[in-house]
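The structure appears below as structure tokens.
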Amino acid sequence: MTPPENRPSLPEVHRSIRVPNSNSFWRKMLAYAGPGYLVSVGYIDPGNWATDIAGGSKFGYTLLTVILLSNLMAILLQSLCVRLGVATGRDLAQACRDYFSPKVSFCLWVLCEIAIAACDLAELLGSAIALQLLFVIPLIWGVCITALDVLVLLFLQHKGFRYTEALVIMLVATVGICFTAEILFSRPDMGGILLGYLPKKEILQNPEMLYIAIGILGATVMPHNLYLHSSIVQTRDWQPTTEKRWEAIKFGTIDSTFALSLALFINSAILIVSAATFHFSGNQNVAEIQDAYKLLSPLLGVSAASAIFGIALLASGQSSTLTATLAGQIVMEGFLQFRLPSWLRRLITRLLAIIPALITIILFGENSTSSLIVLSQVILSLQLPFAVIPLVMFTSNRRLMGEFVNPLWLKSLAWLVAIVIVGLNAWLLLQSLWGWLLQVPS
């Protein structure tokens, strides 16, 4: 690993938030709280909605176990991001550039940009669908309107990183409150929910169930979040001593674990509401977010249910677009040492998402959008190994991490998660290839 010579990750906000010299746990927790919520946004974005709604309406509570396992994997991987960022002062993209050859780093950068484009596509479509449902705006116009969120991001960056964190926390809280109400409206079967969290082998045996399960994995554990988190933990201005680094790792891990637990509740709630409202009323093919919106109020008998659903979807889409931009900036600067103005970076990211979205809407109609969102989540899942494996490698490398290296139990768990992710992706590819071969005329 070459000694780090380049400037810090996200230099405009690097060490911009003061950590108090206080023995108060809560004062320090408040200072460190924030990055975890920016990361949690990626776990409740519209991509999760599409996969959770499809999974709940078709298979009831069965796929709750996938949401739980995916979230536990996410908590583990995000804790490694905190460890890497605090211990080395490098984000994951910078560490990859230092460790791998230029060709390998370039390939990893391309794969990561594809993942960010897929993620942004889901967020863009989710926000556009929400605008259409709430204000009867044509989907094509909604897609174009969401590109204007670049102005919000530029304003927040000018005000300071804490303002970005505050807005995102407010939007995440909005989604959480909305789905608490939806669960109360849907009156789900608590026994069925508890059984849904138990693993079932039929998930691996049913190709359609496996496809949605891996879509949930891709929607939950997102590759760009690993790059994002390893960078934004460095916004806190802790003293560069061993003791303070351990403290930063501890509080950063608590922050992300709590935030991702909230994301687990929201993801579970989306699937539970879908299962309770659609699956058990005979509507087992509700795959479109628009259909879910239209059916919620009639089936639940609560006129506000659909509007609350739409508000939560808009909050989810808008919050996740903010973090995708930051991730794109971190990835480009880290891998290529190439910096673009944030407005230009946002515009490029948006165009990469707008073009396939508009083409799909024009060619296949507005009802194809949720299928495109689910596909984007499967693409994200296929990119995961290329971010997870380097992360586990680096945090298990004693020469790089020093005394902050993963202990044996954490290293073993991390490699197990990496193997599970690679194995599930390989299984999906084999299933898809086999299905394609069966359809080819002999």
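Using the three backbone atoms N, Cα and C, a Cβ is placed for every residue, glycine included.
Residues annotated as transmembrane segment in Swiss-Prot, with sequence analysis given as evidence: 29-49, 62-82, 106-126, 135-155, 166-186, 209-229, 258-278, 295-315, 347-367, 372-392, 413-433.
Comparison of 29-49, 166-186, 258-278, 295-315 by number of C-beta pairs under 8 angstroms to the transmembrane segment (106-126) places 29-49 first. Sequence-distant residue pairs (6 or more apart) of the transmembrane segment (62-82) and the transmembrane segment (295-315) include fewer than 3 whose Cβ atoms are under 8 Å, leaving the two stretches without contact. When Cβ distances are compared across the two stretches, the transmembrane segment (209-229) makes contact with the transmembrane segment (372-392), since 3 or more pairs at least 6 residues apart fall below 8 angstroms. Beyond the transmembrane segment (166-186), the same-chain residues lying 6 or more positions past its ends with a Cβ under 8 Å from any Cβ of the stretch are 34, 37-38, 40-41, 44, 152, 156, 259, 262-263, 265-266, 269-270, 272-273, 276-277, 296, 300, 302, 304-305, 308-309, 311-312, 315-316, 318-319, 322-323.
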